[in-house]
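*Asks:* When I checked Swiss-Prot for this same protein, it listed these features:
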| type | residues | note |
| --- | --- | --- |
| TRANSMEM | 35-55 | transmembrane segment |
| TRANSMEM | 57-77 | transmembrane segment |
| TRANSMEM | 115-135 | transmembrane segment |
| TRANSMEM | 153-173 | transmembrane segment |
| TRANSMEM | 182-202 | transmembrane segment |
| TRANSMEM | 222-242 | transmembrane segment |
| TRANSMEM | 262-282 | transmembrane segment |
| TRANSMEM | 308-328 | transmembrane segment |
| TRANSMEM | 356-376 | transmembrane segment |
| TRANSMEM | 382-402 | transmembrane segment |
| TRANSMEM | 411-431 | transmembrane segment |
Amino acid sequence: MGGEERSGDGEKRGEEVVDAGSLFVLKSKGTWWHCGFHLTTSIVAPALLSLPYAFKFLGWAAGISCLVGGAAVTFYSYTLLSLTLEHHASLGNRYLRFRDMAHHILSPKWGRYYVGPIQMAVCYGVVIANALLGGQCLKAMYLVVQPNGEMKLFEFVIIFGCLLLVLAQFPSFHSLRYINSLSLLLCLLYSASAAAASIYIGKEPNAPEKDYTIVGDPETRVFGIFNAMAIIATTYGNGIIPEIQATISAPVKGKMMKGLCMCYLVVIMTFFTVAITGYWAFGKKANGLIFTNFLNAETNHYFVPTWFIFLVNLFTVLQLSAVAVVYLQPINDILESVISDPTKKEFSIRNVIPRLVVRSLFVVMATIVAAMLPFFGDVNSLLGAFGFIPLDFVLPVVFFNFTFKPSKKSFIFWINTVIAVVFSCLGVIAMVAAVRQIIIDANTYKLFADV
């Protein structure tokens, strides 16, 4: 492979890595365009629709500062992670997974007991959260058509799970390239729609009063600030950069940077427009999902045409399915390594049947959890605090310092150290804030609740 040896968890036979996960799921066949599609799908997701909600705890100045800071730090961190991967590839060891990097750069225990488990928890948490949000969007579409309909949320979660069940059978990360190119278009469509609707509603004579004051007692406001910062950090989160870079064909040098530039162009076009227009229109009344603000709570009628509500929810549902299947790939990689025989063909009966059964089982389990726990968003905040923040803000700079060993007197050493320390502290505080929110909301939790 262009002089680069693909390093996975499996045994090696000469030049061949006997690891079904790397052979079947993490195929290195993509271009930088494909990489850009994968990156955009994993980062520019419907979680961005909660950015106006984060702003209401921060206000204009702090909100925009955090949004700019999140973009700058994650772009920097992802660039360092990519450069670290390219460096090891140039030395003959191409690491395909986050846990492989931790294993070889830090120690085997870091890969096995820390990075691997938290990455899997984050990925599966994203799948569950997307199934729940997909069900909520499907229900919103249903209520547009049948305002007095009696179907419950868990039924729509199951419908979304059926869609995900089909998409989960795509054999490899690379095989998702066309789905993820469509995903890029969808995120532009629902972001532009959300921004346009916010501007339209904000200019209406009967628009909600624009109030940007930050409410609550000092304790609530402090926790609100850290909660909002965690929301923004998680929205920029990825957690699977090495797996995405693994899909690029050799030589990899420079391709990831092009993909990142493409992705962050979309980030700027979507994150900032939705956050600023949504907060401008609704202020402190901004909800966790900006679409819910399009309903006039006093009249129970939408500020915008119902066909518009149907369309933006459709765009969101379709992209949610793409995001979920992207985050299934690291899980599929592990499953494939366990259940498949790398000495057999990828589509042999020996490999296809176990793949179909096990992938379907994991999707069904995620769908059941999403249907049972419609309050999973609180739990997902906790997962984001201890998962996305270390994976995307802390470990990349640590890997870079351990790999390149910059002088302790150099600027890059200290900026990396400061980033690692600051975001480690933010992660701990965000976990405390998430646990506090779970305790506050515990009395409202109900299995299979129709929210």
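Cβ atoms are placed via backbone N, Cα and C, with glycine included.
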*Asks:* Same chain, outside the transmembrane segment (262-282) by at least 6, Cβ under 8 Å from its Cβ: which residues?
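*Replies:* Residues packing against the transmembrane segment (262-282) from afar: 32-33, 36, 39-40, 43-44, 48-49, 51-52, 54-56, 60, 63-64, 67, 71, 75, 184, 187-188, 191-192, 194-195, 198-199, 201-202, 207-208, 210, 212, 235-236, 290, 293.
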*Asks:* Six or more residues beyond either end and a Cβ under 8 Å away: which residues meet both conditions relative to the transmembrane segment (153-173)?
*Replies:* 24-27, 38, 127, 131-132, 134-136, 138-139, 142, 179, 243-244, 246-247, 317, 320-322, 324-326, 328-329, 332, 346-347, 355-356, 359-360, 362-364, 366-367, 370-372, 374, 448-451
*Asks:* Report, as numbers and ranges, every residue of the chain located at least six residues beyond the transmembrane segment (35-55) whose Cβ falls under 8 Å of a Cβ in that stretch; write 'none' if there are none.
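*Replies:* Contacts of the transmembrane segment (35-55) (Cβ under 8 Å, skipping residues fewer than 6 from its ends): 63, 66-67, 130, 133, 173, 176-177, 180-181, 183-184, 187, 190-191, 194, 198, 227-229, 231-232, 234-240, 244-245, 247-248, 255-256, 258-260, 262-263, 266-267, 270-271, 274-275, 277-279, 282, 286-291, 293, 316, 319-320, 322-323, 326-327.
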*Asks:* Given the transmembrane segment (308-328), which of the listed stretches 57-77, 115-135, 182-202, 222-242, 356-376 has the most Cβ pairs that are under 8 Å apart from it?
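*Replies:* If we count Cβ pairs closer than 8 Å to the transmembrane segment (308-328), 182-202 scores highest.
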*Asks:* I'd like to know if the transmembrane segment (356-376) touches the transmembrane segment (222-242) in this structure, counting it as a touch only when three or more C-beta pairs sit under 8 Å and are separated by 6 or more positions.
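*Replies:* Answer no, regions not in contact.
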*Asks:* The transmembrane segment (356-376): which same-chain residues, six or more beyond its ends, come within Cβ distance under 8 Å?
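*Replies:* Distant Cβ neighbours of the transmembrane segment (356-376) are 124, 127-129, 131-132, 135, 153-154, 157-158, 160-161, 164-165, 168-169, 328, 331-332, 335, 339, 441, 444-445, 447-451.
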